[in-house]
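Shown next, in structure tokens, is the structure this report addresses.
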Amino acid sequence: MEGYHKPDQQKLQALKDTANRLRISSIQATTAAGSGHPTSCCSAAEIMAVLFFHTMRYKALDPRNPHNDRFVLSKGHAAPILYAVWAEAGFLPEAELLNLRKISSDLDGHPVPKQAFTDVATGSLGQGLGAACGMAYTGKYFDKASYRVYCMLGDGEVSEGSVWEAMAFAGIYKLDNLVAIFDINRLGQSDPAPLQHQVDVYQKRCEAFGWHAIIVDGHSVEELCKAFGQAKHQPTAIIAKTFKGRGITGIEDKEAWHGKPLPKNMAEQIIQEIYSQVQSKKKILATPPQEDAPSVDIANIRMPTPPNYKVGDKIATRKAYGLALAKLGHASDRIIALDGDTKNSTFSELFKKEHPDRFIECYIAEQNMVSIAVGCATRDRTVPFCSTFAAFFTRAFDQIRMAAISESNINLCGSHCGVSIGEDGPSQMALEDLAMFRSVPMSTVFYPSDGVATEKAVELAANTKGICFIRTSRPENAIIYSNNEDFQVGQAKVVLKSKDDQVTVIGAGVTLHEALAAAEMLKKEKIGVRVLDPFTIKPLDKKLILDCARATKGRILTVEDHYYEGGIGEAVSAVVVGEPGVTVTRLAVSQVPRSGKPAELLKMFGIDKDAIVQAVKGLVTKG
């Protein structure tokens, strides 16, 4: 076989010994913790031994080195064996393994990036392969480097549709630097996996997605060495037939042992049995990588020129997003764009036109698109911007949630928000997205109201840690800011004010423009309103909101193209709660909408200029 050199018997025995030490460590750690998944670890022991101590190239004492091969443990519940590997490699003290799952230890129940050897958090199953695809795409097309990417999946998680989205992606883009290892141990959490040990069916499925699929005995280190040596020329799936709980007498291949540690007495006996098979304590040193990944700096990426808009001209913020992203792409070759086959609606096609080699078409697979972005962003190799209709990000909420747990720096732009998209109807209208993104830990939620603000939001997002969401709209609205207006995260703007203002009206996007129109109407009736643009919904500018409220007799009116739950009104209410004399009145979409013209829908749901006028009058009349 091309490029394959069979290890000698001494090396094969050393790999067997390593696998058994990994088993012992996994059993010891989970028994000490009183929880965990030792049987899921034991099925993967030979796979992990061969991967880390024969196949992969990495610096054991520098796990995040950019030249290293990457590994993603998609079956994150097998974390103890991952920790055991890094102790075997010399990065972790072996005694630390016994602190598994303790609050004082970094060794959580599932992998998290506070561990230097973990790039992405896993444990919500079906997501690791998508992240691995992002890493492999980056390695092949952006870094053009030698490092390879390995991902181990359990057979239970292969029921997840997101796995097959990732399989399709890897096949389409011919990610020949990617290897997925399927640990086919037959048993799921509560029942056998649907295909049990039908490894030929797994092989056909993988081949249908454009993968080279190799069936192996997952407990044969020799077969595994050979299979990894054959992983060339296209994405490769190693379909490893294994047994859950391998090496644990009385438990191997038995149901009802998922997620259960061995009782102490049983563990001691089993450890003695396994240890009796270990012929040498000598450890195998990791093989260092080829150092050919380029140096990358993604800090302080700034627009090459200021915005170029004219006050009063009209542009949709979704188009302004595309223009801004294309411009930012000239500032750094590490700005990349991903889209879910909506690029002619989100206007990310403008980026593709100017930077075709940095645009990733993810097709209609939003869950995988987010995972790809997370993978691309690992080790600070790229700054990804994903775009689709904001409504369609809701199906990727688990991926977004896990991205936050992964401490990932990704930017998501959701277009076509609210009822203002008009005739397409409720399936296309994002009305829950603010609630969703506000709930994500350490997220930043941008809601720009004109082209200038949108361009600034894109630039700020590129330099803001965590999950950034930019909410853009379909209707064209007037430019209201000058090109030199300064924008910052958490800094709102007073767009209109006078000394006699009686109500503070807070709107964003389409509703900010409705508020300005309402202000003109109210002015004719000698009722002054202060109009505030929050710019970021998270974090909100609490100080400015309260200053405006106090200047307008404590009256705040929020108006938003979003459902009441979780939107601007609730966000504003949260920051003013407990403030004496401040009240918040909310206008929002109250029920599932329908098709219609944008103006008709804004009126129907009481968030247009007329509704604002009536609400302001009601507040003023109340006194």
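Yeah, the Cβs are placed from backbone N, Cα and C, and that goes for glycine too.
Comparing Ser35, Ser105, Ser345 with the features listed in Swiss-Prot, the residue bearing the annotation phosphoserine is Ser345. From the candidate list His67, His233, His258, the residue Swiss-Prot records in the thiamine diphosphate site shared with Ser40, His77, Gly123, Ser124, Leu125, Gly156, Asn185, Lys244, Phe392, Gln428 is His258. Within Asp119, Asp143, Asp155, Asp217, the residue that Swiss-Prot lists together with Asn185, Leu187 for binding Mg(2+) is Asp155. The maximal spread of the thiamine diphosphate binding site, taken as the longest Cα to Cα distance among Ser40, His77, Gly123, Ser124, Leu125, Gly156, Asn185, Lys244, His258, Phe392, Gln428, is 44 Å.
Reported as a whole number, the C-alpha separation between His258 (thiamine diphosphate binding site) and Ser104 (phosphoserine) equals 25 Å. DSSP assigns Gly123 (thiamine diphosphate binding site) to coil in the three-state reduction, outside any helix or strand. By a simple count of nearby Cβ atoms, those within 10 Å, the most crowded of the recorded positions Lys6, His37 is His37. Geometry remark: Lys241 (N6-acetyllysine) versus Leu125 (thiamine diphosphate binding site), CA distance 20 Å.
Least crowded of the recorded positions (Ser104, Asn185, Thr287, Ser345, Gln428), judged by neighbouring Cβ atoms within 10 Å of its own Cβ: Ser104. Under the three-state DSSP scheme, Lys11 (N6-acetyllysine) falls in the helix class.
Per Cα geometry, Lys352 is the residue among the recorded positions His37, Lys144, Lys204, Lys352 nearest to Gln428 (thiamine diphosphate binding site). It is 20 Å from the Cα atom of Ser104 (phosphoserine) to that of His37 (site 'Important for catalytic activity').
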